[in-house]
């Protein structure tokens with residue numbers, strides 16, 4: 001095992017006190033850390049609630065835009081997490097904030113879920129496209145005609161998880177991005193997405209293709225993009241050294257923490273395994289735990 | 001300019017004689033070499049006809065499966081090319097030959113054009129899927145249900161240009177390929193496809209994603225895969241050193257020639273420019289010409 005990677009659940013009281021004294025803000029991933037799908041992970045909710053009772057500022061930082069914040073709040077309440085709406089961060093919020101800051105006056109061409117569309121529209125961003133499938137074509141001539149059928153009022157391309165993403169939509173995104181004024185925002189850039197019993201192609205694969213063909217680079221609203229840090233900083237002063245990032249993914253959560261200079265706690269209840277840390281020395285966590293719930297018996301009670 | 005790269009249209013009579021004596025088989029790409037879209041390139045047809053009159057064996061080797069061989073033959077006849085049906089090679093033919101050799105008894109799940117489907121079915125390969133769009137889904141639950149709705153009779157996945165390729169189709173391909181017995185064949189693996197006024201995403205981008213998610217590697221029926229060489233060898237004995245490959249693309253045509261040990265002639269009427277040769281020393285052509293038609297005045301008349 002690489003040096004300095006410490007199993008937090010083996011800490012004695014003194015070590016736990018030093019650990020708790022080392023941060024005042026906690027960012028935690030959700031799926032794979034607090035719950036898996038619709039099943040909460042034992043003890044994890046209590047650990048987050050205890051952190052809050054101990055005076056820590058907590059943000060839930062998910063990369064999943066297929067739910068609205070309102071839908072997240074229903075889950076959070078159901079699981080007994082004491083987290084408020086403004087403590088929930090998803091890429092949709094970061095993307096909206098970026099598009100507003102860039103003063104987008106035109107429409108957004110979106111390849112995303114209906115939840116993302118709903119949140120963009122609630123923020124007065126007009127979506128050019130619908131979230132269903134695009135037109136089907138019979139042959140190459142129809143394909144060429146369809147991809148040239150571009151909405152001239154588009155000023156931004158936004159790509160996240162879109163269950164109906166297809167060739168025509170991707171080509172339209174590429175063609176919109178020929179205009180250097182057209183903004184380009186990616187939500188999650190995950191290449192694989194574990195979805196309970198099956199791992200599906202992540203939006204990152206489609207984003208890479210659009211990037212390559214357009215010669216453009218997307219601004220990343222999700223983890224591990226550091227835009228998320230600026231977004232949180234506007235709500236709450238972040239001292240990176242005194243911020244703890246908890247996550248189950250080395251490539252998103254630990255990478256975000258590396259990018260931002262946060263402390264890193266990897267939990268093994270989700271995407272990444274302990275041996276994966278050997279393959280990415282840049283994103284080596286400071287701590288690990290089998291599950292977040294394993295910390296509960298070690299935390300001081302109030 | 002790199003050494004040994006010679007402009008063939010500057011050859012004197014002696015050099016041209018030596019060049020002509022150095023090969024007895026010609027493989028030539030079509031689009032960008034003989035024609036562009038529906039417009040023949042001046043003199044190129046006459047050069048190919050002259051090669052045949054001079055006793056060379058000629059094969060047209062296209063990477064484009066959106067036409068059937070019958071459709072190619074109509075174009076070939078219209079342009080006055082003296083080439084017969086068995087001298088036209090497209091990845092569809094190579095894929096069919098491969099699937100037959102592998103003794104495919106089950107269905108093929110195809111992501112391709114109607115032309116490719118028509119040729120597969122004419123060869124008694126049953127296609128599991130249609131060439132139009134797959135079902136549209138309303139949400140993630142429907143997406144998950146749809147991708148799990150797999151035809152159990154599939155024994156091969158075939159991917160080429162599919163104007164309606166989408167997330168669901170790609171995921172179904174990935175899931176079929178979980179079965180190590182399931183064959184996996186790619187037609188063209190081009191990453192970019194120039195289509196007259198617009199460059200579109202090539203099938204190679206989608207194939208790469210399917211390869212990454214499935215952990216499988218496709219057998220390549222198109223250029224630059226060397227399966228095409230074995231396919232031609234069954235029709236006509238190929239002596240690689242005495243075979244000239246003519247093409248406009250370094251990454252497909254010149255790469256095929258490198259893979260197979262052919263002589264290489266790059267024409268500058270299509271995809272690649274002369275300066276592109278500097279970036280890929282492995283696939284440096286032996287000769288180049290502005291267009292194939294530039295050779296015509298230098299060829300001996302009959």
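Numbers run from 1 along the shown chain.
Every residue gets a Cβ built from N, Cα and C, even glycine.
Curation does not apply to TrEMBL; its annotations are automatic.
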Same-site residue for Mg(2+) (record: TrEMBL; known: B:29, B:31; options: B:248, B:276, B:280): B:248
Binding-site annotation, TrEMBL, substrate: partner of B:62, B:63, B:64 in B:172, B:217, B:223: B:223
Rounded distance in angstrom between the Cα atoms of residue B:64 (substrate binding site) and residue B:31 (Mg(2+) binding site): 9
Residue B:29 (Mg(2+) binding site) to residue B:223 (substrate binding site) - Cα separation in whole Å: 10
Densest Cβ neighbourhood among B:62, B:63, B:64 (binding-site residues), 10 Å radius: B:63
Sparsest-packed of the listed binding-site residues (B:29, B:31, B:248) - C-beta count within 10 angstroms: B:31
For residue B:223 (substrate binding site): intrachain residues, at least 6 apart, with Cβ closer than 8 Å: B:29, B:61, B:63, B:91, B:188, B:247, B:252, B:253, B:255, B:256
